[in-house]
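S.K.: Just passing along the structure, written as structure tokens.
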Amino acid sequence: MDTASHSLVLLQQLNMQREFGFLCDCTVAIGDVYFKAHRAVLAAFSNYFKMIFIHQTSECIKIQPTDIQPDIFSYLLHIMYTGKGPKQIVDHSRLEEGIRFLHADYLSHIATEMNQVFSPETVQSSNLYGIQISTTQKTVVKQGLEVKEAPSSNSGNRAAVQGDHPQLQLSLAIGLDDGTADQQRACPATQALEEHQKPPVSIKQERCDPESVISQSHPSPSSEVTGPTFTENSIKIHLCHYCGERFDSRSNLRQHLHTHVSGSLPFGVPASILESNDLGEVHPLNENSEALECRRLSSFIVKENEQQPDHTNRGTTEPLQISQVSLISKDTEPVELNCNFSFSRKRKMSCTICGHKFPRKSQLLEHMYTHKGKSYRYNRCQRFGNALAQRFQPYCDSWSDVSLKSSRLSQEHLDLPCALESELTQENVDTILVE
């Protein structure tokens, strides 16, 4: 087998893989231009890449455009894979600087000879970041470029504009050799027309369509009209996550959450929730047990605040049964009831009217008497020898018909009511203990 033909087949296969980005294990990024290549080929011709691949395992090698320009690298990359330079003219000084940067001494004399073969009169072209824009009338395939002339079948002003500004069609990988020119010439004109009409998909498929630029710079008035109508129809209901109330605007929801933060409501909310961008943008409320319970508590608090003046005029009091008081823990410190709420629980108890917090139940009860203009009377709860009576002392106004000499509390005494104010019902006790 001929060694020369074997090497030629190998180079052609590697170059084809580079063109379509297939089986390439390396990407060289120069600015915003990306080149697919093989590590072995780059390391064989450049000591710069050889040292990088030895000490680095990254698949993307980033190079600054100030070190080597994309058109110079594309020129040298084509020589590495084909052994011959593309039909284009590059600046000789910049070419030498790029070769010195890559430490590709072997490519120095080849690139110089190839650059001197073509004179500026034979090929007049401009290379911009690897995209070749040709001014000739025939199809020319360059580095990373496929220039096609506008089809003659087009009529009208659009045909004239496309004739002055030919469209650009790029392959999947930047870099095509001259071997594919015959295949590109065989493509029918209908496929070229379809390629002209397709919009750009990625960075590697840039197009010089003046009409598309004009359409982008001057948007149609229909799009401007439909914009506000879409925003008006997309109004969302703002929902409080802590008590279940709904609001029409975000500002009302933010003011409502301030009441949670300040402690006016029995649900503690962190202050950072007020600075959230997605405040109140929630889905419709699920009718689960937690939401129903939260709404019930919030409506109860509002109802109690409205009925507050009526309670001050009443002389009678509702007794709190021992069965209700038994919900309170026997510990000296307040505990948390198992209410399965989603908000955070705190040890302190807050007043449902003004929001003040107290560490003990007795202090909270004394504070609630101040809202009614009455003085809290400690002496009305007589001390008993039994420890159970001492725990219930802050919630009792009087224990009637009990002898001071008795050493225990009988079952009849446990059935007697405790004279508390009417607000301390079962729901009020739950509200006081849970925050």
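Cβ atoms are placed via backbone N, Cα and C, with glycine included.
Because the structure is a prediction, the values reported are computed rather than measured.
Taken from Swiss-Prot, the feature SUMO2 cross-link covers K142, K148, K198, K204, K303, K330, K405. Among the features that Swiss-Prot reports, domain 'BTB' is placed at 1-107. The zinc finger annotation in Swiss-Prot covers 238-260, 349-371.
Describe the structural context of each listed feature in the structure shown, including burial, neighbouring residues and relevant distances.
M.R.: For the domain 'BTB' (1-107), the model's average pLDDT works out to 87.
Here the zinc finger (349-371) has, by DSSP, the following mix of helix, strand and coil residues: 11 helix, 4 strand, 8 coil.
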S.K.: Write out how many residues of the zinc finger (238-260) are helix, how many strand and how many coil, based on DSSP.
M.R.: 11 helix, 4 strand, 8 coil
